[in-house]
Structures are given as structure tokens and as C-alpha cells.
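Visitor: Handing you a structure now.
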There are 2 protein chains.
Amino acid sequence: MRTRPLKVALLGCGVVGSEVARIMTTHADDLAARIGAPVELAGVAVRRPSKVRAGIDPALVTTDATALVKRGDIDVVVEVIGGIEPARTLITTAFEHGASVVSANKALLAQDGAALHAAAQDHDADLYYEAAVAGAIPLIRPLRESLAGDKVNRVLGIVNGTTNFILDKMDSTGAGYQEALDEATALGYAEADPTADVEGFDAAAKAAILAGIAFHTRVRLDDVYREGMTEVTAADFASARAMGCTIKLLAICERAADGGSVTARVHPAMIPLSHPLASVRGAYNAVFVESDAAGQLMFYGPGAGGAPTASAVLGDLVAVCRNKLSGATGPGDSAYARLPVSSMGEVVTRYHISLDVADKPGVLAQVATVFAEHGVSIDTVRQQGRQDGGGDASLVVVTHRASDASLTGTVEALRNLDTVRGVASIMRVEGE
Amino acid sequence: MRTRPLKVALLGCGVVGSEVARIMTTHADDLAARIGAPVELAGVAVRRPSKVRAGIDPALVTTDATALVKRGDIDVVVEVIGGIEPARTLITTAFEHGASVVSANKALLAQDGAALHAAAQDHDADLYYEAAVAGAIPLIRPLRESLAGDKVNRVLGIVNGTTNFILDKMDSTGAGYQEALDEATALGYAEADPTADVEGFDAAAKAAILAGIAFHTRVRLDDVYREGMTEVTAADFASARAMGCTIKLLAICERAADGGSVTARVHPAMIPLSHPLASVRGAYNAVFVESDAAGQLMFYGPGAGGAPTASAVLGDLVAVCRNKLSGATGPGDSAYARLPVSSMGEVVTRYHISLDVADKPGVLAQVATVFAEHGVSIDTVRQQGRQDGGGDASLVVVTHRASDASLTGTVEALRNLDTVRGVASIMRVEGE
Ligand SMILES: NC(=O)c1ccc[n+]([C@@H]2O[C@H](COP(=O)([O-])OP(=O)(O)OC[C@H]3O[C@@H](n4cnc5c(N)ncnc54)[C@H](OP(=O)(O)O)[C@@H]3O)[C@@H](O)[C@H]2O)c1
Ligand SMILES: NC(=O)c1ccc[n+]([C@@H]2O[C@H](COP(=O)([O-])OP(=O)(O)OC[C@H]3O[C@@H](n4cnc5c(N)ncnc54)[C@H](OP(=O)(O)O)[C@@H]3O)[C@@H](O)[C@H]2O)c1
């Protein structure tokens, strides 16, 4: 074992960073044995230097992150500040000064992954970010390495714990969205401004990262179709249950049936209760992967939290340090497949559509004609008179697989029928 | 990209090997892009050279595996023959001649992993064997690499598909063991001689491998306590259901509460229906991992089959080829922790015990006294008169956590009570 330590600069010492520092101290001997050299915390960059940080030597703390990454003696920079800047500049500066980087920054990786990977490669450095997707769950390494000899066709994941907590609450208690969100906020599962989670921005960033790795293709954040889950209602859950389903906010990355293109999207969807993702409770994450040879795999665990995220960061740190010692770099960016990324219109899936219709003869025939004209074939229809006796009825249509574009056309035409009072909800059905 | 190909020798071309060869051919371009150099199948060793093998150039086929691994131009040897010899000698010969090795051979790795790792290290070669445990499921890489910065405390796994199929059948249909085994055999899930599976030998080999990796400690096959599942009855499933549990054959690797020792064992156990492992159906495998920082993770997928196992082999092949190109080796054997492996007597868990007792006053008090004398504290007791009205009753005791040694002592003393007619079953309760 080498006795000269590898030097680590920690950028950020908040929820994740403080746990990284703690484990580096408490598990120093194990880390040294696994790496083949001791690792030393050489500096900690923060915003508020005067804040008391348990277990951190105050002499290591600095507000000058740039000077820290430019020191020249740093082997690995761990970036757990978050956000685009200054994280991006700090990471590229780190590469320029000979360091490899471990990051947990999904927003930055989703937006600028290609440029950052290129910078890493230019400097023979590693860029690892297992913690950026699904927290503690080993996912990027299995996709990039374990499945490197396989062909991944679909990634279907619950990758946001906040929204899974809310949807699970709505499902198990019958609560509405706002009530469930309030509980998530009170329990610390949702932030004061929950937009990034409930509108699917966080999941979309993860979908872009996962699709890129799974399909060896550049997938930009803009390529990801995104729909939040704020409009999911208790009535939707009732409809889902009637179909033997529940509702999850899913990140879905798919290779088209002909293999010639890929799609990435985030939206709420019904999935059968028998699907392994249906039983993922609370704030847990899980990702289901389908590949040619391996078949169906699932990875499950805590998707966030200081210690779980730090576990993923430290796994990367060990790998990057080992690479440093052997003078190699790990498997970096792989986008050789250059598959086109199709838009949402080309996604093919099933739909569950609730319509409010006039309760009179011939309505079903009219509605069915509209579906047929748009090439969307109907699997089942359920028609029921409304409780309020207002002369209206509801019609629930579940389709066979059809393109999103055809479905959009169908719904537009349905809205123009005067017997259709309104489209109460449209939800995709996945995981069958 | 390097144009000179890396040369691969395939030892064995059966269920797994034929799929490895097929994917190497059909996915040659992808493999080359991911590795950074083409890979060429340079030779295929088999027992029966005249057998027609679709897609394999007959000129590559040989019965002289030794000559193949000695050729000197082979970069990677893929060993999918199975068994101890000649696999062991072929692997060490491969190292001596400059090749790295990918193997799917759990029996050999469990028995001789230490020596093989030492041989690999002596020759600066890699020895990878993701396929040896839980088929397609990425498990060894996540444990060895993703969790390298964490402290694993428990691995709880369904690692044998045959026995999971049988137990699942018994649970869902009420079938007895023999009937369920017959169905598994008819469907090709069980071999003609199912001993290795049903007696837990296969799972024990995997438990030894997993415990070694999880705890960075040498765990020999002899260190693994092993109990098969041939004596699980329909009545046991009824008892399990009464407790809100099902029964699984589990491989359990645990760090003692004080952290100072580890245990590894394979036996049938009751687990709560709410545990993620309870819903693993059919021949699927799943492994639950608990660690300090990451918390609870689960990995799920097909544990066997030609294509799934080949997926794992090929993931390793890509990694080993990449290492070859960069002149590095991957994270090898890690047994620095050298924790003592305790025997079964020191395992602490809960027990479900069914006793046939005389149906008369005072029996419960007698029985309870025996438990107390052995320091085993009782959680619940259920007492019921027997259907046959023979003056006997059954007593079901569920204990709190106690050592296996105390439980064994308790059961011995119970057998000596004349009011206890017999011990109908003892089953451990896990996953709580
Ligand atoms: N929290 C999770 O569960 C989780 C899960 C997965 C991934 N992540 C990712 O991990 C990263 C960190 O998340 P977090 O929850 O730990 O964030 P956090 O608690 O807000 O911590 C951010 C840290 O960065 C420091 N910081 C902010 N601006 C800085 C600047 N300009 N220069 C130097 N330091 C600066 C802060 O300093 P002060 O301490 O002085 O404020 C703080 O220590 C993010 O990319 C996030 O997406 C988090
Ligand atoms: N099958 C699975 O689902 C699975 C899952 C996980 C791990 N594994 C492991 O993978 C390995 C292979 O399993 P498998 O199911 O593919 O076995 P298999 O179908 O029995 O194939 C064994 C192959 O080895 C060849 N062979 C046997 N003895 C040989 C010798 N002395 N020299 C050269 N070739 C020899 C056989 O040749 P012939 O073709 O001429 O008979 C055959 O091609 C085993 O270690 C097994 O534990 C298998």
C-alpha cells in the first residue's frame, strides 16, 4: 500500500457533503485498504465559513473554491454544491489542474454532460456521478459496465422520491394532491418550493442522463418530454384501481421497436399492481431495466438523503482514486451510437381516457368512430351514468398501443364532438 | 479505436457459452465501440467436437482446451465449462500465459477463489465472475465497486431460481414439495438430479462468494451453514401465512452486531409478506443488501438461463478488455478485513417452532420454563387443540431474537419433556 495519501477537495458541505466528510473520517482505514492508499481531506469549500461543522477541521474550510481546485496537489475533487454555476466552472478548472471529479449534480450533468465529459477526456481525468441518479442505488455503474455487453431497450424508473411519496400517500389514503404534498413538506420529503420535483424537472434531468448511458447516445435535457404530477387526482387513482393499476411518476427511456431511434420522457402513468415498480413505497426509488440478453432487472433503494447519496459518492471516490493510482481512467462517456432522439409524438404506448359525455344513445358510436379515424384501436370501454343525475355520463376508454401523435389527434377531435362535454383525464398506461 | 482485435478463447459452448458466442457475433460492432477495439473469438473448446453449433465457425472448435489457453496470443479466456477440473487448471494456465479470465463458475470460485485471485494477481491479470452469482443481476460489481465506500452489514438473497420456483409453487397452489419439484423438473427449472439446488449447495457457494466480497474477508465454503428446503411442508406455508409471512430459501451473510465477526448461511426462512424479497416470483432471483450509509438496496432479475448469464459474462468481458487496453487491472480480491467467520450457533435470529404437545393444563407453563431457562424469550404463543381429537394439541411459539445455540439447547430440552410429543417444525424468521 502506498503511504502518500491521495488528496481530496470537497466542494460543498451541506446535506451530502457533510456525510461524505464524516464517512471519509470514520471509515478512513477501510477506504485506504480498498483504494490501496490513504485518502486525505485536503480542503472543504463552502459559502458560510463561520458555520460550525462537526468533525471538520476549521483550518480546511475555505470560501475560495476556485483557489482550492487550482492548488495543483488535489487528486480528486468531489463536487456536492449543486446547480450550474459555479459548479461547472469549478469542475472544468479541476480537470485543467490534473484532478478527477466525482459529482452528485444531476442538473449540471443533464445540461452539460457532453462538454464536461469532453473536458475530462482532454485531461485524461475521470468524471463519475453515480449519486446524480437515484441516490444510493447503483445504477450508472451497472448500466455503463455490467450491461456493457448487452443491448438495453427500456429503462422505466421511479427516480424522484418526493413525488413517489406524494403519489403513494394519495394511493394509500385517498388524499388529494395538495393534502399529500402538505404532508410531504411537513415531513421534510418536499422542499418549500417543490416545483423541481412535482413538475418533473428533477426526473427529466435523470431521464436524460439514463437515456444517454443506456443507449450510448447524446440525449439533451430538451429532448426529454416532461409532464408533472400536480394534476393527478383521487379520481385518477380510483380509475387506476378499477384497472388493477396504481399511478407513478415515471422516467421512461425507450428504444423504438425498429431500434433506429430512442425517446425519453417523464410523466405520471398507470402501471399494473403486479409490476415490481408498483410496490415501491414512500420516498424509495427503483429503476426497471429491460435488455436483450439479461431480460428484466430492477434496482431498488433510497433515492436521496445525505448518507445514501454519500454512499454513492464514496463508491465513485474509491474507483476514481484506484484509477489515479493505476494511471488509467474508467469507462467514460459513450455516445458512439448517435441514435436520433424522437419527439413525444412518436412514442407508442397505451392510454386511459376519461370523457364526460351526454347520456344519450349513439354517443359511444360517435366516440368510437373518432378513435377509428385516427387509427387508435380501443381495448376496453366502460360507460357509466353519473352520480349527480345531470343527464351526463362518463366514458372510460382504454386503448391498444398507439402513437402519442395519433392520441393527441384523437383527443382534439373528441373535444369537437358536441356530445363530449369534456376530457376529464388522459393517462398513459405503462409496464405491461 | 485500435484496429488489432483482442482475442478471446471460449472454454465451453453449452447453455451459457453458446449465448456468449452468439452475442459476440451479433453485437460485434457495439462491443468494439464500447471496448475501444474489436474482439475476436479465437477458439472454442468443447467436449464433443462433432456437435453442430449454430453460428460457430467449425475451424475454431477444439477439444484441446489446454492448448488453446497456452497459445500465447489469447487476451481473455472465458471459462463456461463449470465444475472444478479441468476449469481450475485451465484458468491458472490462462493466467500463466498472459490472459485475463472471465468465469461463471460459482462452484470453483467458492471453493478456490482465494488461490485463483492470488494467481491472477501474480500475473497482473483480471479475474471477473459477475455471472457466478445471481446470473444476469449486477451484484458483484455493485458490491465490490459501488459500495466500496460503504460498510455492508447484511446480504439477504434469493440466489437459486430452482428452489424459488418450487417454494413459490407450494405457496401459491398449496402443493407439497414433491409435486412442486416434479413441475419444476417438467418445465426445465430443475435438473434431473436436483440435489445441488434443493439441498442448498448452489446457494451456499454463492453465499460464500457474496460474504467474502461484502465483508472483505475470506469466507470458505465450509464456513457456510447449509440447510436444504426438501423438508418444507404445506403446513409450514400455512403457519407462515398465519404470521403474515411466506417461506424462501435464503442466503444470508451478516456482520455481527458488534462488527467483530461475520456469518454466512443458507436455509429456508419465513419472511414477512411486506418484505421486498417476499414478492420475488418463479425462478427470479433477488438480493437485498443493507449497509451503513446506503441503507436498504435490492437487486432483482433472472438468476440463470443462457442469455441472462451471457449478459453478465459479456459485461465482464468488456471490462476486462478495457483493462487490457489501458494496462490496468480492475479491483481484485479484497480480504484485508480478515474478520473471523462465526459458526451457526452464534447467529442471532428469531424462530418459529411448532410443537405437538399433550392437551392438558400446565403444558404451556412447562414449555415456557424451558425457553426461559435457555435465555430464549418468547414473543407469541398460539395453542390449538388438534383436529383429530386425540388428546394432543399443537403449540406454536415465535421467539424474540436469540442465538442459534440457545435455540438448539431449548429444542433439545423440549424433546425431553414428556408432555412434548414431538417438534413438528423449526423455522427461522428473517427480514424484519
Ligand atoms: N440531498 C440529497 O438528498 C441529494 C441526493 C442526490 C443528489 N444530490 C445532489 O447533491 C448536490 C448537493 O446537494 P445537498 O443537498 O448536499 O445541497 P446543500 O445541503 O444545499 O449543500 C450545498 C453546499 O454547497 C455549499 N455552497 C453553495 N454555494 C457555494 C459556493 N458558491 N462555493 C462553495 N460552496 C458553496 C454550501 O455551503 P454552506 O454550507 O456554507 O451553505 C453547502 O455546504 C446537489 O447537486 C444535489 O442535486 C443531493
Ligand atoms: N446455465 C445457467 O443458467 C447458468 C447460470 C449461471 C452460471 N452458470 C455457470 O456457467 C457455467 C456453464 O454452465 P452451462 O449451463 O453453460 O453448462 P453446459 O450447458 O453443461 O455447458 C458446458 C460446456 O462445457 C463443455 N465442456 C465440458 N467439459 C469440457 C472439457 N473438459 N473441455 C472443454 N469443454 C468442456 C461442454 O462441451 P459439449 O458442448 O461438447 O458438451 C459444454 O459446451 C457453469 O459454471 C455454471 O455453473 C450457468
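A Cβ is built for glycine as well, from the same backbone N, Cα and C atoms used for every other residue.
What TrEMBL records for A:K206 is active site, proton donor. Marked as NADP(+) binding site by TrEMBL: A:L11, A:G12, A:C13, A:G14, A:V15, A:V16, A:G17, A:S18. Annotation comment: TrEMBL describes A:K106 as NADPH binding site. Feature annotation from TrEMBL assigns L-homoserine binding site to A:E191. Among the features that TrEMBL reports, domain 'ACT' is placed at A:352-428.
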Visitor: Express the distance between the Cα positions of A:C13 (NADP(+) binding site) and A:K106 (NADPH binding site) as a whole number of Å.
Guide: 17
Visitor: Between A:G14 (NADP(+) binding site) and A:E191 (L-homoserine binding site), find the distance joining the two CA atoms and give it rounded to the nearest Å.
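Guide: Cα of A:G14 (NADP(+) binding site) to Cα of A:E191 (L-homoserine binding site) measures 15 Å after rounding.
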Visitor: Compute the C-alpha separation of A:L11 (NADP(+) binding site) from A:K206 (active site, proton donor), stating it in Å without decimals.
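Guide: It is 22 Å, counting Cα to Cα.
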Visitor: Which one is it, among the recorded positions A:K106, A:E191, A:K206, that lies nearest to A:G17 (NADP(+) binding site) by Cα separation?
Guide: A:K106
Visitor: With Cβ-Cβ distance below 8 Å and at least 6 positions apart along the chain, what are the contacts of the residue listed as 'L-homoserine binding site'? List them in sequence order.
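Guide: The list for the residue listed as 'L-homoserine binding site' reads A:T162, A:T185, A:D197, given in order along the sequence.
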Visitor: Of all the recorded positions given, A:K106, A:K206, which residue's CB has the most CB neighbours within 10 A?
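Guide: Checking each of A:K106, A:K206, the winner is A:K206.
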Visitor: Work out, from DSSP, the number of helix, strand and coil residues along the domain 'ACT' (A:352-428).
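Guide: Looking at the domain 'ACT' (A:352-428) with DSSP, the answer is 23 helix, 34 strand, 20 coil.
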Visitor: Going by DSSP, give the three-state secondary structure for A:L11 (NADP(+) binding site).
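Guide: DSSP assigns A:L11 (NADP(+) binding site) to strand.
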Visitor: Beyond the listed site residues A:L11, A:G12, A:C13, A:G14, A:V15, A:V16, A:G17, A:S18, identify every same-chain residue whose Cβ lies within 8 Å of the center of their Cβ atoms for the NADP(+) site.
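Guide: Apart from the listed residues, the neighbours are A:L10, A:E19, A:V20, A:A21, A:V46, A:V80, A:I81.
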Visitor: Under a three-state reduction of DSSP output, how is A:V16 (NADP(+) binding site) classified: helix, strand, or coil?
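Guide: For A:V16 (NADP(+) binding site) - judged by DSSP and reduced to three states - the answer is helix.
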Visitor: Between A:V16 (NADP(+) binding site) and A:K206 (active site, proton donor), what is the CA-CA distance rounded to a whole number of Å?
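Guide: Their Cα atoms are separated by 18 Å.
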Visitor: Does any of A:G12, A:C13, A:G14, A:S18 have a Cβ within less than 6 Å of an atom of ligand 1? These are the binding-site residues; tell me which, or none.
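Guide: Close enough to ligand 1 are A:G12, A:C13, A:G14.
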Visitor: Counting only residues 6+ away in sequence within the same chain, which have a CB under 8 Å from the CB of A:V15 (NADP(+) binding site)?
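Guide: Non-local contacts for A:V15 (NADP(+) binding site): A:G305, A:G306, A:T309.
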Visitor: Three states by DSSP: which one describes the residue listed as 'NADPH binding site'?
Guide: helix
